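Take a look at the structure set out below.
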């Protein structure tokens, strides 16, 4: 979820100072105070910035889980001491651990000079890698960046200050294959969105709460944003039986209740640079978020679903492909209206998950499966021959040999898993395991359809366990 750390988490140092949580706050500096002023100026009571939204969701989760954390502490401390310990660790978890602020000048083509500010943040270092920089972090592409920009960063770093570092290309992920990238990274976020929806839409108990039948058949969906996430989400959902009826972009929206073909729309956008005018659908004049569908996928910017338009949303499932598309006020409306929101912190984690796989590949200096391809292929063929020989010994060869022919699916796997197969399998497993954890947490705390709070509680429990068992270096 937190691919916006550069902008987002740098503000948390100011937040920690303001709230008195000095344990994890950075020393006051002019640049950080400047960030704090900018953040405060951008905040409105009914329009919180992304970081304030995350803080609010964290506080909600922490309030729910606090008593259970106190109860589960196996120490000889008094109840009051246990609660103080739990609250102290929760205060440590909430702020940002480290922020690095940099600024540099540029001269524009019109002759004007401008100072660009950038931020590198590590929110929580209880487990590494973090997001943010080379060595122990896993930076990755975000909006308006892709393989090209990641390749520039890796090449520049490897040929300058890291020219003696054998792991230099692990400084950034989302690179082209030729530069140490990994198969499946481009589609990873969209594929993760699909797997996330799949895990919940096939769960009969949740679908009964929504009055829907399990599975993708007869389900319609609308996507806001036809970039990398929207395109690949549309592909996989379409492939497994769901029907896309609407797409929204910044310059217009289209709608077709009979369905929109993803390949035709992709080809049209590549040729024309826009979805407007696509012959396979009609222009949609209203807000595409309010179009009639079963599944709504906001895959564009932040705060698209607010308390103003939330009551008009017709979808029963909101799958947050973007970061922070739902404001806290809208979230309350959806809970009141029995709408299931699959939260961003889980649903769009496919990209960062596969970035981690790429990081491991770069550190290992060998692609996934390369050492086992031939062994697996030979083992599979030996297995088939063993079965054939066993049958022939049992039943004889009077009628000729008894060939054991692999099915089409098994034949495709005989040669061994490719890197893409391994990446896809690892991503699917990660999304399934995380979904089950969220479901168990929702059931444990009787949260119903409040999957966002369940996801935060699940995450808080894990981070708390690490801090509590590892101990604190400075207390």
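Just so you know, glycine gets a Cβ as well, placed from its N, Cα and C.
It should be emphasised that the depicted structure is a prediction, and the values quoted were computed from it without experimental measurement.
Pulled from TrEMBL, these are the features on record:
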BINDING   189, 228  NAD(+) binding site
BINDING   355  substrate binding site
SITE      142  site 'Important for catalysis'
If you count, for each of the binding-site residues 189, 228, 355, the other Cβ atoms lying within 10 Å of its Cβ, which residue has the minimum?
228
What is the interatomic distance between the Cα atoms of residue 189 (NAD(+) binding site) and residue 142 (site 'Important for catalysis'), given in whole Å?
11
10 Å Cβ neighbour count around residue 142 (site 'Important for catalysis')?
16
DSSP secondary structure for residue 189 (NAD(+) binding site), reduced to helix/strand/coil, please.
helix
Between the Cα atoms of the residue listed as 'substrate binding site' and residue 228 (NAD(+) binding site), find the distance and write it as a whole number of Å.
15
Compute the C-alpha separation of residue 142 (site 'Important for catalysis') from residue 228 (NAD(+) binding site), stating it in Å without decimals.
10
